[in-house]
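Pulled from TrEMBL:
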| type | residues | note |
| --- | --- | --- |
| TRANSMEM | 69-86 | transmembrane segment |
| TRANSMEM | 106-125 | transmembrane segment |
| TRANSMEM | 210-231 | transmembrane segment |
| TRANSMEM | 256-275 | transmembrane segment |
| TRANSMEM | 287-305 | transmembrane segment |
| DOMAIN | 389-508 | domain 'Cyclic nucleotide-binding' |
| DOMAIN | 569-639 | domain 'KHA' |
Amino acid sequence: MSYSDTARSPVPLSETRSPMPLLFRRHSSGEIRNIASVSSSILPAFGTVIGENSIKLKRFVIAPYDRRYRLWQTFLVVLVVYSAWASPFELAFKKAATGGLLPVDLVVDAFFAIDIILTFFVAYLDKSTYLLVEEHNKIAFRYISHLWFPMDVASTLPFQTINRIVTGKMNRGPVFGFLNLLRLWRLRRVSEFFSRLEKDTRFSYFWTRYCKLICVTLFAVHSAGCFYFWLATRYHNADSTWIGTNVPDFKTRSIWLGYTYSMYWSITTLATVGYGDLHAVNTEEKIFTIFYMLFNIGLTAYLIGNMTNLIVHTAVRTFAMRDAINKILSYTSKNRLPEGLKEQMLAHLTLKFKTAELQQEQVLEDLPKAIRSSISKHLFRTTLENTYLFKGVSEDFIVQLVSEIKAEYFPPKVDIVIQNEIPTDFYIVVSGAVDVITYKNGTEQFLSKLGSQEMFGDIGVIFNIPQPFTVRSKRLSQVVRINHHHFKQLVQPLKEDGKIILANFVQHLKGLKMEELAEMPLISEFLDDLDSEEATVIEVGTQDQAGQAKQENIIPTTTPVLSNTLPTRVIIHGYDPDNRRTNEGGNAGKLIHLPDSVEDLLSIAETKFGKRGTTIAMADGSQVEDLAALREDDHLYIF
């Protein structure tokens, strides 16, 4: 849809604009380079089309996750850190509020005033539709009608400077100190900043959380120390305060001396050390200390709980692995299992934990089927195409099959397929190697070794017989498993692919070693029957100029899994059945696959015998009208 079409649409533009394209394309308001950095509160709209033709935002509208706007927000976080330190500090030490820190406060307030203006141009996400709203009137109404606007304004106004301009005097009363505490409202930006970092995969979650806990602790210590010093400065008897008993003239001493004493008291109280050198003296200080110690109980629990969760989270996999190993050791001990079997169990469990991130069932189980299929196609398509059984099959078959396979890892010396077990799956080696073993007279006999892109378990599945061999991993191996039910369902509607697969399978059987065929009498009989079929075709076939017999699409149909996919075979003759004896010598029959229509059958006969027939008859002279009534190896006479 073009931009003009959109403009004519009765649907408001704000309801059709999605935030997600802005994450993938560059335009005038910037771009996001890492989708992981986007807050979880921002979600793409359903049906969003991602591409270069995405519609841009309106003029003078800023995307909330614009890269430059994010940098601006990060810069403001740095200023918030200053405000969080300066607000309690200026309350306790009035000289700082009217001295060297005053110009800095004015500059910081100016930046936050600019941010208030910018907020009127920042699009927001509608929580009901998850679409960006970019109409200026809606953005402004939303901002003004919420608590954010009055609190942003109140935390930005320089009340002390305004009072000085109006009255011409510098007022150092406590009222302006408490008004400066409104700047602590800006701390919400720090919380939002850490929330984004915790969701950003480019940063370590452990260290991000750890830094957040440190910041919370430092702010609590700083604020409590400043308030405690403020209580001492406003008490009527300076010598009857927690600091006055140690520094009688503390009000006239250096600001940093008082700050040092304050931080010392706050840290020793938070750490529950309490040396007793600095202690509450008057009633107000005792009440404040009581509440501070109660607060410290909650803060300590918060810190310990978070640190415990972070540490346990990193060790939970180790705990689970050790617990599983202990259960295996207990089970093998109680049941007196052989040492070799116990080692196999432990090896398999260890490999499971080491390759947990590679197990696609666990990684992909919550993803849609289309994404899982695309990932499997990317990982295993080449392996399937190079496997002997699927060489030459259609693209459609490969795409359907790759979505049904399952990837597995096996440690060394683990039996993947067991001799004489019921066939349910066959496997393709992706990496590693496996040994094919047979048991004869109670002893193992090595037959062959299979490597990457080779298949095993296929003979048992296709012939629907017990697995003829044991297959054991030689080293760490990754295989893909194909369920025989899914395989059969895929092959049956794709007849041409079924012919190719069956031809590949027969060719593979002919290339087996003699010692392998000796262990499978059924396969030997199958190959003998196949040779007999070919000999029969040669007898009813024609001779070419070199005197060699021709075969007409010979494919066996005795394999149970694939037999339903093959068409019926018939033998055609180019003469009247009443004249069989006079024509047998010069016009032999030819074995063909029965086509879908009578017209196609007549065309094939014309190609084979050089003349166009009009009538199709059986050996008894009855005419054929419906090809569906014919059976395997029927003789048809076309004249």
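Just so it is clear, glycine is given a Cβ too, placed from its N, Cα and C backbone atoms.
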Other parts of the chain folded back onto the transmembrane segment (69-86), taken as Cβ under 8 Å at six or more residues beyond its ends: 29-30, 32, 37, 62-63, 96, 101, 104-105, 108, 111-112, 115, 118, 122, 180, 183-184, 186-187, 189-190, 193, 219, 222
Non-local residues, at least 6 beyond the ends, that sit with Cβ under 8 Å of the transmembrane segment (256-275): 89, 92-93, 217, 220-222, 224-226, 228-229, 242-243, 246-247, 250, 289, 292-293, 296, 299-300
Tertiary contacts of the transmembrane segment (106-125), as residues 6+ beyond its ends and Cβ separation under 8 Å: 19, 41-43, 57, 60-64, 69, 72, 75-76, 79, 82-83, 131-134, 136, 139-140, 142-143, 148-149, 152-153, 155-158, 161, 186
Long-range Cβ neighbours of the transmembrane segment (210-231) (under 8 Å; 6 or more residues past either end): 84-85, 88-89, 91-93, 177, 187, 190, 194, 241-243, 258-259, 261-263, 265-267, 269-270, 284-285, 288-289, 292, 295, 299, 302-303, 306-307, 310
Predicted model, mean pLDDT over the domain 'KHA' (569-639): 77
Number of helical, extended and coil residues in the domain 'Cyclic nucleotide-binding' (389-508), per DSSP: 38 helix, 43 strand, 39 coil
The domain 'KHA' (569-639), counted residue by residue under DSSP: helix, strand, coil: 22 helix, 16 strand, 33 coil
